[in-house]
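K.L.:
Take this structure, written in structure tokens, and hold onto it; I'll ask about it next.
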């Protein structure tokens with residue numbers, strides 16, 4: 001079982017709770033992060049969830065590199081718009097060889113065509129999209145039991 005999971009959120013996800021609530025709901029990123037941390041504590045086996053959010057691609061890449069040094073065993077990532085553009089984030093995930101799940105709050109396949117392409121999906125253990133913020137709960141649960 002994985003003891004340390006890193007939850008990464010990319011650009012504009014810091015606006016959750018206020019950004020387009022008809023699409024993303026009213027749950028804040030802070031609420032999502034706190035729920036993930038509590039979910040790990042409920043395991044009562046010293047599991048932990050670390051959280052990180054950045055609007056900057058390079059900072060996300062640096063955090064993935066740091067995760068390897070910290071002994072993170074699984075990454076749950078909502079790369080936001082970088083999902084559709086970032087070879088750098090893909091390469092960081094592959095370079096560290098940390099297994100990961102890609103999460104999206106909305107069903108990206110029901111949205112604009114440019115959102116249908118993911119640079120991460122083909123390398124992810126799983127992709128969860130369209131389940132709202134519950135997608136994070138499902139991904140964290142899987143990661144903690146990996």
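Easy rule for this one: first residue shown is 1, then count along the chain.
Just so it is clear, glycine is given a Cβ too, placed from its N, Cα and C backbone atoms.
Okay, these came from Swiss-Prot:
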type: SITE; residues: 19; note: site 'Transition state stabilizer'
type: ACT_SITE; residues: 24; note: active site, proton acceptor
type: BINDING; residues: 78, 84, 91, 105, 106, 115; note: substrate binding site
type: ACT_SITE; residues: 104; note: active site, proton donor
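Help me see these features in their spatial surroundings.
P.N.:
Residues near residue 19 (site 'Transition state stabilizer') in space but far in sequence (CB under 8 A, at least 6 apart, same chain), listed by position: 12. In the three-state DSSP classification, residue 19 (site 'Transition state stabilizer') falls within coil.
Cβ environment of residue 24 (active site, proton acceptor): 16, 105, 106 lie under 8 Å away, each six or more residues apart in the same chain.
Within the same chain, residues at least 6 positions away in sequence whose Cβ sits under 8 Å from that of residue 115 (substrate binding site) are 83, 84, 108, 109.
A 10 Å cutoff on Cβ-Cβ distances gives residue 104 (active site, proton donor) a total of 20 other Cβ atoms nearby, all chains included.
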K.L.:
Please work out which residue of 78, 106 has the most C-beta neighbours within 10 angstroms of its C-beta, and give that one of the binding-site residues.
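P.N.:
Going through 78, 106 one by one, the largest Cβ count within 10 Å is at 78.
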K.L.:
Round to a whole number and give the Cα-to-Cα distance in Å for the pair residue 104 (active site, proton donor) and residue 91 (substrate binding site).
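P.N.:
That comes out at 20 Å between the alpha carbons.
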